[in-house]
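Here the structure comes first, spelled out in C-alpha cells, and everything after it is commentary.
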Amino acid sequence: MDEDSQLDSSPSIIRPELPEHLFPRSIELGEESNSHTQPDPVQDENAQYNLNEATTSSNNEASNEPREYDIWRPNIGVYNDDSNSVQAQASQSEPETVQLQETAPLVPWRPGLSLLNDNSSSAFHSEDSNTGIINQESNSLSSFPDADVKKEESLDEPPAKVRKLSSPKHNDEMDGETCPICLDTWGNSGDHRLVALKCGHLFGAQCVERWLRAQNTKDRSCPTCKGKAALKDLRFIYARRLVAADTSQITTLQKQIDFLQAEKSRAELELQKSRIAHRACVLQLEVLRSTLMKTQVSKEQAPRRSWRFALEKNLEICKDGGCRVLTYNCRTCELYVSQKSTNNLFPGFGIRKISCVDYKLGQFVHLHTKPIRDVTYSQPRDLLLSVGLDSTARIVERGIPSTSIQCGLPLWSCSWDYLRSNEFYVGGVGGVIHQYDVRNPSSYIQRLNAPGDMSPVVSLCSTEYGLLSCQLNSSWLWVANMRQWEPRSLPVDGPFMSLCYDNESHRALLSRRAGCNERSRLTLCKLKASVPSGEILFDIEQTFTGSARSSLMSRSSWVKAPGASWVAAHSESDSSLYLHGLDGARTMSLPAVEPALDVCSTQMNGDTIVAALSESRLRLYKAVPTNS
C-alpha cells in the first residue's frame, strides 16, 4: 500500500485537492531519513520556532495577494558544533523536490507521520514527541478554525533558548598527578615520592615497593603493563610536566615527630631507671639506718670480743716478682694486685684480679710499661686508678682500661677526691701534686707544690678536712679555700714511708722509717676542726714501735673486726706482720717469711680478711673469734 492510500484510509486526515508536485518533498524526506538517527531535542525547538514565524509571514502575504496555491518553503534548522542552526532555503520557481544540505543531519521519517490533522494547521506532526520533522502547509489551509487556534497558542509561547551542549570533561588533567596503585598524589620526597620502573610507568615509591615485595622474586611485574620488574629498577623521577605534591615539609615534620618520640622514649626510660635507683637508694638508706642503730646498741651493751687470725690461703702471683701494691673492689669482691707481665710479647706491668670467694687467680690487665707504684678504687663510679713510673695514670672502668693520662713526671701515689667522685689526685717526684677531672683529663686542674721539700709524694689521702700528702721528708694537709689550696704541716717528724686514713674514726696513720739508732714508728693522729676558728687540729693519740731496719718501702693499713680494730705494719727485722691493737684490743703477730710490702683489710659476708702482699706471693688471713 502506498502513502496516498494510507492517507485516504485515515479518518482524522483531511486531504484537500492539491497539486501532486507538492507531495514528493515529504515522501523523499521520509525515504532518506530511514537510515539516520532521531534528531536532537534542540532541533525540534528550532524547527517549531521557524514554523511559527513562517506561518505568520504566510498569513500576512495571503491577505494581501491571494493566490490559488501558495507554496511555503520551510527553513530547516539543524544544531551542530559550529552554529546553532543551518537554514536550507528551497527555490520557489521550481516545483521539484527539495534537497537538504550535506552538512545538516536528515530527520528520520516515521510511519505514523500525519499531514494536516484537525489539531494542527501548519505542520506535519509525528506520533513520537522527539521527532523533529515539521512542514508548513500552504496558505490555502489556514482557513480551518483549528489551525488558527494552534497558531495563536504557538505565538503566545516564547521561543526556546538555544543551548550549546558542552562536551564532557576529560580526566586528562589528572594524569600524572596520582599513583595508579593507591590513587593518591605522590610527592617529591618522603616514602611516597615519585619513582619509575624499568618499563617507564610511574608510581609512588612506598606503593610499588609493597607491590613488588608481596610477589615472588621471579614473578615480580609492573602493576600496569605486567612487565618484569625488580626493586633495583626503581628510579627517582625529576620532571617538570609531572605534578608532584611538595611533601618535603611534611617529611621534615614527620622526622621531627619520630625524633621527639625517640627522645620521649629515652626520657621515659631514664626516668624509670632513676625511679628504680631512687627506690634502691631508699632501701639502702633504711638498711644503713637499721645497721647503725644495731651498731650503737651493740657498742653500748655487747662486750668486746677477742679475735685471732688464721692463714686462709697462700697464693703465688708471679714467679719473677714485680708485685708492689693492692686494693679491694667491694662490688665484685675482688682484690686487684699489681704484678709484672708474664707475656714476653707484651712486656710491662698490670693488675691481676683475685676472687675473695674461691681465692682463684683471675684476669690480667696490662696497664703500664714501668712498675706500678699505687692503685686505688672508687666505689661510687666503679673506677680503678693506677699510676706508675712511666709518668702515666690509667683509669680502668669495669675491668676495661678506658683512659690514659700523660702527667709528664714519674708518679708514686694517687687518690680519688672525697667529695667529688669525678676528680682525683696524683703525686710524683719533686713533691708535685696534680688535680685532674675524668671528664677532661687532657690537662690538670691545679698543681700543688709543698714548700721546702722536693722529695717524691709517696702517699695521698683525700679526707673531709682536705688532702693529706706524705712525702719522704714531710707530711701536709692541703686545705681548700675558694678552690685555692693552702698547705699545713703535720706535727710529725720524718722520714716517712706511708700514710693512710680512716674515714670513720677521722684518724690518720703515719709510718715513720727506722733510723740509725731508732726503730720505725707508727703515729696515730686524730683530725678535728675547732668550733670557734674552724682551724684543723692534729692530736697525736698513740705511737707504736716497729722494725729495727727499713730497707723496703712497706705500707701500713687499718684492720677492723666487730668489736676490735688494729693497725697492721710489717716488721722487717722480726720477719712478721704486726697487728697493733686499738681501743683495748690485744696486739698480734703473724708470721711472714717474705716481707709484706702492702697490707689490705676487707669485710666480706661478715668475715674480716687481711691480705699481705710480697713481691711474688699473696697471703690471706681470716679473723676467727676466740672464747677468751
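Using N, Cα and C of the backbone, Cβ positions are placed for all residues, glycine too.
Feature annotation from TrEMBL assigns region 'Disordered' to 1-100 (among others).
The feature compositional bias 'Polar residues' is assigned by TrEMBL to 35-63 (among others).
Summarising the annotation, TrEMBL assigns compositional bias 'Polar residues' to 81-100 (among others).
If you look up TrEMBL, you'll see 118-143 (among others) marked as compositional bias 'Polar residues'.
What TrEMBL lists as region 'Disordered' is 118-174 (among others).
Looking only at the domain 'RING-type' (179-226), the predicted model's pLDDT averages out at 90. Annotation comment: TrEMBL describes 179-226 as domain 'RING-type'.
With a threshold of 8 Å between CB atoms, the same-chain residues lying at least 6 positions outside the coiled coil (250-277) that come near it are 187, 189-190. What TrEMBL lists as coiled coil is 250-277.
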For the domain 'RING-type' (179-226), jot down how many residues DSSP puts in helix, in strand and in coil. 9 helix, 10 strand, 29 coil
